[in-house]
């Protein structure tokens, strides 16, 4: 039928069987024309409908649009001309075939359709349609055949169809032009992000990203340079979609939970615990031993809605999952075309009769298959990683949102640290699993196909090889389990070391006062020793694992080939079989080595899923008992209210009936623990309602007992998101007594407050908290003891100006919890609480007259004055929730797109096990939101206004000196030996390739019948031995292999005959050295483990020594977390990640060199191709590394504020809820997450940009090497062809990996750079100098101040201005003065914590500046203001150097009135003190500090407000002991309480 249609032959296979093959013209004009046209017409309606549905504002006409329309217009005209020509021809005598009418008519319709589609795209953001681009590509590819046929016809001199041919050529050229224009992207006014408007070709090659890469190369990128992500994947859009699906799924899961509980209730209750234990053990196994919670908590752990999160995520993201599934499937199937094409090319080289065009066809096919593979793989990765970020974003935002509404009952189960861990670690785990998800089915598909094709090549012999692979999997599994156990053990050591480091940094001042640094330094060194020992064991195991992993393909190929040749003497290994099999074995190695990793990632994600389901499925705060009624006549009304903190325990607030009228000032009083704070919390809806309700009229402002201060300026804290009203603002500052503080603080109200108000006193924090509430101008003020932290006269000022009858809040309803009795006569009503119920209420005079509980309380207070009562915190406030561990900034897993689980993750998880608040608080210091308020450039920063220096972010390349420092630390000898071993490995690798080449050549020399057994055995033996040498040398790198999984060790074959015989001689010589070589190289791999461990030991020692010798000013201006981070994250990188990156880099580099050497040996002309490709490769790498490095830094910098904002939010929840500012905080969080997301997204795109370009270079190497094989086929044999191509096929991945490794080394070497930064921190004066004080100094204790001046930091003013005074021996001196007068500076000057800015201090004739710091500090004694203790035994806290006997210590304890307490303890002096001494009361801690002082027996004692924090009784004890025991000493007492210094001489 088609032959009639064309009037010529449709198909003739004989046309292909000639040196100049061709297709029939009829086939080219029908099938090859209709394929692209059919594609277009099928998809056009769907495309036009899509445009119609999603159209946006019409964009203006651009030059590009006009050019495309004009060119298609020309195509339309050409089709019309062709149709006209045919019609004129038809009028003549000749019968014109139907095809000549049909095609121009079809083209007329098609070009009109194309014009319409191009016009419709003006209503789209993306002006270029993907399916139009595909149509042009198809049309041009199918047109190639007709193009060459027509040229051939014309060359033969047949001009009968000249006009038709010319029209076709012009039309073909126009189509190519349109395709080129389609590659350009049109800008759109509504978006400046090039990815939205990028054309299809620009999208699949990521060319739209070129501008960013260029910018990143010229100068370091900033946040402004990074494009925003698409609206669809912004936090707000994602969360709303997620929540829509979550509601339904969670409801189903809750119903299922109810059904489970009902079934369980019916069943016997006995079999409950087993499931829980299993769940827990799995969680322990995988998430590095999350500490088992209290029994009560673990009881609630099991009962939560399950199995809804994955379903919800699937419903939210199923489209991306399906798209990526399709791409991965195409990639996997194409992957198995390579060995088949390789086989065809080898047979082409061996068969000289095959036409040359088939060789060229195979070369082109090689390139096309590789190109499609690359593009599919990169688009697949792009989708997977984008899915990963969106999942992480969704989870993070949902956790934040949930935190704002979570009930207190549910919230109690989590410390802040654990909640932040959910956001950082668990969200990251789910992100990681998205990259691996498709590997679950893809691995099985790859394994099945590999074995199928191998069977086709080698028959049943293949089972021997596969058997070895399968056998080695459990061996690796056992080693992995052992490695894991070592890792877990090491985490504990790391935990202990970091715990001590934290304590050292928190109590650094005490260490300096007592000169105890060496003792603590030794403790850290001991722990570090254990840690490094485990690290070495781990490295050894990794070496063996990698050795096995590398050995697998060699063993497998040796065993398979041996079995194949031994089973049957007719089986001879020829080139085709050998090459194809080795390529297939290498393919098989990837899924086999990835499988355990995929399973472990999925398991880890499933644990995270459970934790997230429990948190996100937790109950919300039930505020139904709090009713808001604008029409109520009462401001607050409690009706039979019963409230509790925990539904399992009895009600804290019982049967409260209370009416508060608008405008009243009501005081709530009662003893400690009577439920005052709980009453306030109940009113705010923070407690669980048991019965009754509370009615509220109007808005609420709340001042909590523990003031909550955000990290930012004072102004930001007071305004709290409201507009600035300058007059009101100044009025409030004055009323809250803040003006005086603002004068002292550098920068006034723009002074930056550290986290949790770290640089403010308790009173300042409380006053800022009060100012914030006052500024909000609410109707009702809930004031929970705001006067406790301020002294009496400030308290009176605040009461008069703010709270009292004439204060700023007069006319507002105020509930004031207070302990200050003297304000009570001025309040409208007093409510007396006891055990959570109202004992009595009424005015001051009424209650006094009643002589009831109130009168009693009044009596007690009058007797016992002193701030200790006020400082007590009610146990059931949120104090316990306010102590979370916040992982420090850079410890959050860095590499957000990393396929491998980052080593540091386990470190934060381990940290989350800590439960002491002091430790957490100090660790959280590192989470500085960098300078929240950007001060305008014209407003210059006042000196000292920035307390915390902004963390230094390096830009540009890491200096070469940093690399040298690290290499020097490893040792040059070690480096030489390790490199030498790797080079030998490469030589063995080339040797095994050449040997196999010679082996496959035997198939030509001998035929099956006379192949000598000795020759066969020699071949097998040497090949195996060479492989063994290689495997041994590669043994040092499992991490690399897990990632690369078989892409670096390339298949082995080849060589010309001359080379083969040379190889034989060379290899026989090598065999003699093999056993020695193997041992030598495995030893080198272990040597590298020793070298890198030694290096990290040296760096840690230098860092620790230097930090301990840093001056106090360094610790004042650097957050603890930032220093801890050097000891945690950075040391961890140097321990684990950096050595692996360096080894991987070397393996890849030598792998590439040896591959290129082998290709060039076979075809020297290949050098011509390598040089230009090498230049392109290096330039792409230079561009990429600069951009990726900076994007990585931006990612770290933008991630930390998310977590610090989150931990801040969780600790201030009650305040945020009371002020109803949830939406503002949610918005702030969304902005933070989106900012981080755009950096991560950009980083992922930069990786894809690089991969596409590198894979193109790799594909070109494959193409050119196959082309060389075809061109030079007369001089090459089949084994050489296979040898070259099998190596070239794998070089693509290796090239890609080399750039990755280069970038990773740059990223990881930054850790050394940051450690080095702190190794270079300026030190304080030396601990011991050549000039030592005389023995027994100071014997008298005389102190002379001679015009002494001192300042805290060089840029600040003097604190002590020229002090001159003499203190005689044994004099008792009292020092008083208001806050900031310089009392404590005097102490710091004596201990040389601050060095003199002028003048001198002379003790017993020795100028203290002339001797070593330890010589000075060991001879003075101080009882400090904060009684800081360290975790360890009581004995260690009193005498860390073991200088005193037990008798002396007991004597000191007796004098410090602690003997009875300590002897009553089970372990006595060995009693363990918890972190910061939290298991002792403040009074006991202060007495221990007194015992420390008694042990020192020095002539000079300084007491720095030592009794400010203790009750009167302890104060009295301390004073008596000091008067008696230190009567022979010179005593300087700094105090607030006058009676403390009444007995002083001066």
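In case you wondered, yes, glycine gets a Cβ from its N, Cα and C as well.
A TrEMBL annotation is a machine prediction, not a hand-curated record.
According to TrEMBL, the feature transmembrane segment maps to 31-52 (among others).
Sequence-distant neighbours of the transmembrane segment (64-86) (same chain, 6+ residues past either end, Cβ-Cβ under 8 Å): 96, 100-101, 103-105, 107-108, 111-112, 114-115, 118-119, 122, 127, 163-164, 167, 170-171, 174-175, 177-178, 181-182, 184, 186. Sequence annotations record features per position, and here TrEMBL assigns transmembrane segment to 64-86 (among others).
Feature annotation from TrEMBL assigns transmembrane segment to 98-117 (among others).
Nonlocal intrachain contacts for the transmembrane segment (129-150), taken as residues 6+ away from its ends with a CB within less than 8 angstroms of a stretch CB, comprise 22-23, 25, 28-29, 32-33, 35-36, 39-40, 43, 47, 114, 117-118, 121, 161, 165, 168-169, 172, 175-176, 178-179, 182, 199-201, 203. For 129-150 (among others), the entry in TrEMBL reads transmembrane segment.
Residues or ranges marked as region 'Disordered' in TrEMBL: 258-281.
The transmembrane segment annotation in TrEMBL covers 316-337 (among others).
The domain 'ABC transmembrane type-1' feature in TrEMBL is assigned to 324-604 (among others).
Marked as transmembrane segment by TrEMBL: 357-377 (among others).
For 436-455 (among others), the entry in TrEMBL reads transmembrane segment. Using a Cβ-Cβ cut-off under 8 Å and counting only residues 6 or more beyond its ends in the same chain, the transmembrane segment (436-455) has close neighbours at 321, 324-325, 328-329, 332, 335-336, 339-340, 380, 384, 462, 465-466, 580-581, 584-585, 587-588, 590-592, 594-595, 597-598, 601-602, 899.
The transmembrane segment annotation in TrEMBL covers 461-481 (among others). Long-range contacts of the transmembrane segment (461-481) within its own chain (CB-CB distance under 8 A, at least 6 residues past either end) are made by residues 451, 454-455, 541, 544-545, 548-549, 552, 555-557, 559-560, 563-564, 567, 571, 581, 585, 588-589, 592, 595-596.
What TrEMBL records for 544-567 (among others) is transmembrane segment.
Feature annotation from TrEMBL assigns domain 'ABC transporter' to 636-860 (among others).
Annotation source TrEMBL lists domain 'ABC transmembrane type-1' at 976-1307 (among others).
Residues or ranges marked as transmembrane segment by TrEMBL: 1059-1082 (among others).
TrEMBL lists 1165-1186 (among others) with the feature transmembrane segment.
The transmembrane segment annotation in TrEMBL covers 1250-1272 (among others). Residues 204-206, 345, 348-349, 356, 359-360, 362-364, 366-367, 370-371, 374-375, 377-378, 381, 1159, 1163, 1165-1166, 1169-1170, 1173, 1176-1177, 1180-1181, 1184, 1188, 1280-1281, 1284-1285, 1288-1289, 1291-1293, 1295-1296, 1299 of the same chain, all 6+ positions outside the transmembrane segment (1250-1272), place their C-beta atoms under 8 angstroms from a C-beta of that stretch.
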Other parts of the chain folded back onto the transmembrane segment (98-117), taken as Cβ under 8 Å at six or more residues beyond its ends: 4-7, 26, 29-30, 33-34, 37, 40-41, 44, 47-48, 69, 72-73, 75-76, 79-80, 82-83, 86, 89, 129, 132, 135, 164
Contact set, same chain, for the transmembrane segment (316-337): CB under 8 Å, 6 or more residues outside the stretch: 238, 241-242, 245, 369, 372-373, 376-377, 379-380, 383-384, 386-387, 390-391, 394, 437-438, 442, 445-446, 449-450, 453, 587
Predicted model, mean pLDDT over the domain 'ABC transporter' (636-860): 87
Contact set, same chain, for the transmembrane segment (1165-1186): CB under 8 Å, 6 or more residues outside the stretch: 213-214, 216-217, 957, 1156, 1159, 1246, 1249-1250, 1253-1254, 1257, 1260-1261, 1264-1265, 1268, 1272, 1295, 1299, 1302-1303, 1306
